[in-house]
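Undergrad: Before we start, here is the structure in question, set down as structure tokens.
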Amino acid sequence: MLKLAVLFGGLSNEHSISLLSSASILRNVDRNKYDLAVIGITRDGAWFLYENADPDKIESGAWEKEPSLRRAVPSPDRSIHGIFLPDTGETMRIDVCFPVLHGMGGEDGTIQGLLTLAGIPFVGPGVAASANSMDKSLTKIIVDTTGVRQADYYIALRPDYEKDAQTVARAAAEKLKNTYPMFVKPCSSGSSVGVARADDFDTLVSGLAEAFRWDTKVLVEEFIDGHEVECAVLGNIDPVASTVGEIAPTQTFYTFDAKYNDETSALYIPAHISEEAIETVRKNAVRVYTALGCRGLSRVDFFCTYKDNEIVFNEINTIPGFTSISMYPKLFEHAGLSYPALIDRLIELALEEAHG
């Protein structure tokens, strides 16, 4: 039986989403196949082994008060190949890890680097692919090489912004031909955190101020008027793309709240776009995934324009949400791959990538 570590929590502003995703995974993982080591990371960065983990308590955040918690230190020492329990001096070997950590510290290559040093196979892309996919500006630069259409953009840097915010706002507006609305996004924040819609120059200025609260680099993007569609990609060398799902949020764009708290946002599988458009999304999703060097899984998001059905790349998520209403598992469930079977396949891919 494989010793499977499930990491949850973390330092990022998406900590609460990780709790929801990991609780859902724990409810669906096949415990006849895996001996679980559930490891929680607090918002302060403390690591704890949570034995006999209760998904409900993880979901609510009450897990941090459990008396059974034991401090657990990840070790980069490959002779340990797992975690060190400092209170008792024990070590625990880990065969494979599922880092259910969203955002900074989870999708940005840091945890992937630690697991790589430790020699522990893990679900999802490696260090470089994670880092390049997390930073929207780097993603944009790489996707520019693929021929896949994406929104026009401007990259704003904090030193320039702090020197003269108005000049940065004007440069962004001019790059996008002073065509509103625009979207303002922190480069390395996920789940729409810190994202603002700018309908004029004043809201562009305020949007930049909000985005720079979250990051040192900010992306200002052209508005694309279209369906918000998503494609799940699964695999290593020969990845496969799911069908395409569509988001129909009740708000003006797919906010943090709409993604995780608003169950009135409709998800359509397959998306309400043409078969030709669906095939273009699937092809381009694999192209982006491959260009970024992804392995295991990612969700690749696009727009399909209302005017002419043009497919426009939006962003990639290397550890997409795994909650009960998340698109990634739903897309593969539509294709006949159940949630538990999807977990199994992700673990198989992690082991294949590690052992060739």
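Residue positions begin at 1 at the first shown residue.
Note that Cβ sites are derived from N, Cα and C of the backbone, with glycine treated the same way.
Sharing the features that TrEMBL gives for it:
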type     : residues                                   : note
ACT_SITE : GLU14                                      : active site
BINDING  : LYS136, 183-185, 191-192, 221-228, 314-315 : ATP binding site
DOMAIN   : 140-348                                    : domain 'ATP-grasp'
ACT_SITE : SER191                                     : active site
BINDING  : ASP301, GLU315                             : Mg(2+) 1 binding site
BINDING  : GLU315, ASN317                             : Mg(2+) 2 binding site
ACT_SITE : SER326                                     : active site
Undergrad: Tell me the coarse DSSP state (helix, strand, coil) of SER326 (active site).
TA: coil
Undergrad: In whole Å, how far does the CA atom of VAL184 (ATP binding site) lie from that of GLU315 (Mg(2+) 1 binding site)?
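TA: Their Cα atoms are separated by 14 Å.
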Undergrad: Taking LYS136, HIS227 as the binding-site residues to compare, which has the smallest set of other Cβ atoms within 10 Å?
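TA: Ranked by other Cβ atoms within 10 Å, the binding-site residues LYS136, HIS227 bottom out at HIS227.
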Undergrad: Take the C-alpha atoms of GLU14 (active site) and ASP301 (Mg(2+) 1 binding site) and report the distance between them in angstrom, rounded.
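TA: With distance taken Cα to Cα, ASP301 (Mg(2+) 1 binding site) is 19 Å from GLU14 (active site).
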Undergrad: Using all protein chains in view, find how many other C-beta atoms are within 10 Å of the C-beta of GLU14 (active site).
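TA: Looking across every protein chain shown, the total is 25.
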Undergrad: What is the separation, in Å, between the Cα atoms of SER326 (active site) and HIS227 (ATP binding site)?
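TA: On Cα coordinates alone, these residues lie 17 Å apart.
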Undergrad: If I take the alpha carbons of ASN317 (Mg(2+) 2 binding site) and ASP225 (ATP binding site), what is the distance between them in whole Å?
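TA: Here the two Cα atoms lie 21 Å apart.
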Undergrad: Measuring CB to CB from ASN314 (ATP binding site), give everything in the same chain under 8 Å that is also at least six residues away in sequence.
TA: GLN150, ALA151, ILE224, GLU228, ASP301, PHE302, PHE303
Undergrad: Which has the fewest other Cβ atoms within 10 Å: VAL184, ASP225, GLU315, the binding-site residues listed?
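TA: Comparing Cβ neighbours within 10 Å for the binding-site residues VAL184, ASP225, GLU315, ASP225 has the fewest.
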Undergrad: Quick one: Cα separation, GLU315 (Mg(2+) 1 binding site) versus HIS227 (ATP binding site), in Å?
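TA: So the Cα of HIS227 (ATP binding site) lies 14 Å away from that of GLU315 (Mg(2+) 1 binding site).
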Undergrad: What number of additional C-beta atoms lies within 10 angstroms of the C-beta atom of GLU221 (ATP binding site)?
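TA: I count 22 other Cβ atoms within 10 Å of it.
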Undergrad: Could you list the residues of the same chain, at least six apart in sequence, whose Cβ is under 8 A from the Cβ of PHE223 (ATP binding site)?
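TA: The list for PHE223 (ATP binding site) reads ALA151, THR179, TYR180, PRO181, MET182, PHE183, ARG197, given in order along the sequence.
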